[in-house]
Amino acid sequence: MSDSQANGPEANGMLDQRRSFFYPDSSSDTEEYCRDTEERRKRLSKRNGSSIRGRMPPKNQSQSVPTPSTSTQEPPRNGQKSQLIDDRITLVVDNTRFVVDPSQFTAHPNTMLGRMFSSGLEFTHPNDRGEYEVAEGISATVFRAILEYYRGGTIRCPPTVSVQELREACDYLLVPFDANTVRCQNLRGLLHELSNEGARRQFESFLERLILPLMVESAQRGDRECHVVVLLDDDAVEWDEQYPPQMGDEYSQTVLSTPLYRFFKYIENRDVAKQVMKERGLKKIRLGVEGYPTYKEKVRKRPGGRAEVIYNYVQRPFIHMSWEKEEAKSRHVDFQCFKSKSVTNLAEATADPVIELEPNRVRDEEVPEPSPEVGGEEEGQ
C-alpha cells in the first residue's frame, strides 16, 4: 500500500508540493520517503502489538490457572474423606463394634481375618446392618489387643487378661503367638505357654519317629492297644529265657530314648502329650511311671521246688493308648443291656418286669403273686 492511498488526497497534494520544491534527482526525496515509511510501519506494529497484548492473559495469571489434567487427578478433600469412610468395615465382637480398614487384614493372608477379607468377602456375610460378626467366644478386650498385631506386628497382653486366654484367642484367629509378637508383664505365664508350644512340637516329632512304628507293629500283630516303656539309651535289658519276669497281662514294648525320657519327667509335658494323642483320635490314654525289669539278680527256690526269680527294676515312664472306641463290645448288639433269665429264686423272678413284644398287653395283665404253699413246695423240692 502506497503513502498516497493511506493518507488520501491531502497527502497527495503535500507530496506534490515537496516534489516540486526538491530536484527530482536529489537523494533527499528518497530518504524522506523511507523515513515516513519506517515511522508508519512502527505505528502499525505498535497498534497490532497493543491489540494482541489485550487478548493474551498476563503471565502470572497463566501460571495460576490449573490444567485440566491436574483438576481431574486430584479430587476434592471431602470426596477423599468419604471414600476412606466407605472402605472401612464394622466388626462386632462380644457386643462391641470395631471400625477397621480391611487392608490391614489382607496384608496378613495367613490369619483367619486375612483369609476372610482377602477374597472379595465371599466367605463372609454381613448382618442386617452391614456389620460382620466374627471371633465368637473371644472377649472385646482380647480382640482389641489382637488388632494391634495387624497395625504394628506386636500384641500387648492387658493386665486383666490371662496369657492362656490370649493364647487360645491367637490360636483361634491363626495369629502367631511367640516371643516376637507378644509383650506381656507376666513372664511366668508367657514362658509357660511358650513351653507348651515347644513341648507340642517336640512330642509330635517323638510320636512320628519313635512311638508310631511300635503302634503299627502291635496293630499288625492283631492287638488293639499298645503299651510302650521309655528306657534310657544306656539301659541294659537282659532277661533269662528260662526264668522270664512276670509282666502281667499287658504286652509291653520298649523304646530307647533319653530325650523322650527327659520329656516325660515334667507333668506339664505329659498333659501336652495326652492332648496331642487325643487330637489324633487315640483312646484310653494313660501316662505315668512304672517299674520295669532290666536283668536277673538271683533265683530263689521256694518250698515245693518252685523257683522264684528276682529281677532288678528301674522306674521308667510309660505310655499306653488304644485305637478302638470301647473294649469287649459289639458294633450291633450290646448283650450287657439284657438281664439274664436263668434265676433260681422264684420271688426274684416275679419281681422283674416281663419283657414282651407288646408292652400295652403287659400293663393289662397282672402277674399273680406266688402263694406261701407254692414257695414252700419249691423250697422242699
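A Cβ is built for glycine as well, from the same backbone N, Cα and C atoms used for every other residue.
Feature annotations, reproduced from TrEMBL:
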| type | residues | note |
| --- | --- | --- |
| COMPBIAS | 32-41 | compositional bias 'Basic and acidic residues' |
| COMPBIAS | 61-76 | compositional bias 'Low complexity' |
| DOMAIN | 87-190 | domain 'BTB' |
| REGION | 1-86 | region 'Disordered' |
| REGION | 349-381 | region 'Disordered' |
*asked:* Looking only at the domain 'BTB' (87-190), what is the model's average confidence as pLDDT?
replied: 89
*Sort the residues of the domain 'BTB' (87-190) into helix, strand and coil with DSSP and give the three counts.*
39 helix, 16 strand, 49 coil
